[in-house]
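*Asks:* Pasting in a structure now, in structure tokens, and then I'll have a few things to ask.
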């Protein structure tokens with residue numbers, strides 16, 4: 001597949017100072033500061049290691065959480081974790097673009113790796129502006145003169161237009177890291193060259209995201225069917241005239257999703273037969289799973305899809321040549337209500353189709369179940385992959401594409 005942006009392969013990195021933007025934002029214990037899950041650090045270690053071994057002086061830029069949150073910390077522990085994963089020294093400095101950071105960058109030798117401080121300690125990083133405006137921020141103007149090449153590997157943040165993500169690409173020869181390259185190849189392939197039949201399984205509680213994706217993939221013809229689960233399914237059931245019971249209808253209203261019920265009516269009419277809804281659900285009665293036909297839902301919380309629906313959905317998944325899934329089928333963390341999520345994941349993993357899971361809770365569930373080897377691609381960036389599938393432009397990809405169009409390498 002021909003990519004519209006440069007990758008690591010397009011650059012000679014020998015003895016060059018390379019700035020690499022990664023997304024190693026990780027779960028951190030707020031009381032000890034220790035990293036609870038180093039999955040993202042392991043993921044990006046591949047790109048960092050390759051750049052360093054090609055003789056570059058590697059400067060790593062990353063963020064952790066955001067101001068006001070308990071896990072908004074320094075990147076000192078991340079440097080230690082990265083060093084352990086790479087089995088080689090990774091230096092850390094508690095500065096981003098000040099004199100200390102710049103002097104440390106200038107002292108780097110071939111093969112050295114330096115992790116700068118949490119980029120979100122810098123207030124301008126939170127601003128969302130045009131890449132050319134971000135290129136004029138203090139951080140970019142201070143750092144770019146001592147950098148030769150910028151590599152962006154932060155796919156999970158590709159939907160954000162912030163200085164560290166888009167500003168450097170305006171000033172420097174720039175390309176995508178290995179994670180960015182792999183993610184975009186997989187997702188573009190699923191959208192532009194999806195083998196038919198193509199089935200999307202959309203669930204979870206982020207109704208706005210799912211409905212954006214549903215509308216885009218049905219309208220542009222890349223999907224043949226959308227199987228709805230989770231709160232997304234409840235929205236469409238209500239839109240189709242099903243009585244969900246006061247508890248479930250109030251839940252939708254309190255979440256601020258009532259407008260999507262009307263939107264659901266329009267979509268059901270426009271894409272008649274292509275949007276599939278559960279014909280039975282599992283509700284929580286005295287902390288136990290009880291299944292009901294959707295025509296007879298009691299005034300109890302819906303926590304999962306029912307077994308008849310699981311069987312019906314499995315047929316669509318097994319027949320599909322391309323499958324994309326995002327969001328769990330129900331409250332899978334609660335005992336007795338993980339059946340829908342688990343069975344759908346098992347069916348996807350055992351299918352012969354090209355399969356993608358869009359990150360987040362569903363990806364975590366697949367990993368916990370040991371099914372990741374049966375999935376063609378598990379995305380590292382839920383928000384970015386959802387935006388791409390919803391037809392939205394990703395600012396990071398846009399500016400990297402502009403770099404290649406202008407031949408700036």
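Even glycines carry a Cβ here, placed using N, Cα and C.
What Swiss-Prot records for this protein is below:
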BINDING   23, 24, 25, 63, 64, 65, 66, 120, 160  substrate binding site
BINDING   333, 359, 360, 361, 362  ATP binding site
*Asks:* Please identify, among the binding-site residues 23, 64, 160, the one with the smallest Cα-Cα distance to residue 360 (ATP binding site).
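*Replies:* That would be 23, the closest of 23, 64, 160 to residue 360 (ATP binding site).
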*Asks:* Quick one: pull the CA-CA distance for residue 64 (substrate binding site) versus residue 359 (ATP binding site), whole Å only.
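*Replies:* The Cα atom of residue 64 (substrate binding site) is 18 Å away from the Cα atom of residue 359 (ATP binding site).
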*Asks:* Can you tell me the CA-to-CA distance separating residue 25 (substrate binding site) and residue 361 (ATP binding site), as a whole number of Å?
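*Replies:* Residue 361 (ATP binding site) has its Cα 16 Å from the Cα of residue 25 (substrate binding site).
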*Asks:* Could you say which of the binding-site residues 25, 64 has its Cβ with the most other Cβ atoms inside 10 Å?
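*Replies:* The residue with the most neighbouring Cβ atoms within 10 Å is 64.
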*Asks:* Quick check on the binding-site residues: of 66, 160, 361, whose CB has the lowest count of neighbouring CB atoms inside 10 Å?
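*Replies:* Sparsest of the binding-site residues 66, 160, 361 by Cβ contacts within 10 Å: 66.
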*Asks:* Assuming the binding residues for ATP are exactly those in the record, 333, 359, 360, 361, 362, what is the maximum CA-CA distance in angstrom, rounded?
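*Replies:* Greatest Cα-Cα span of the listed binding residues: 17 Å.
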*Asks:* Enumerate same-chain residues with a sequence separation of six or more from residue 23 (substrate binding site) and a Cβ-Cβ distance below 8 A; give 'none' if the list is empty.
*Replies:* 40, 44, 62, 63, 153, 154, 155, 156, 157, 380, 381
*Asks:* Indicate the candidate from 333, 359, 362 with the smallest number of other Cβ atoms within 10 Å of its Cβ, considering only these binding-site residues.
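*Replies:* Counting other Cβ atoms within 10 Å of each of the binding-site residues 333, 359, 362 gives the minimum at 333.
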*Asks:* Per DSSP, residue 361 (ATP binding site) is which: helix, strand or coil?
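*Replies:* Its secondary structure by DSSP: helix.
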*Asks:* Quick one: pull the CA-CA distance for residue 362 (ATP binding site) versus residue 160 (substrate binding site), whole Å only.
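*Replies:* Between the Cα atoms of residue 362 (ATP binding site) and residue 160 (substrate binding site), the distance comes to 22 Å.
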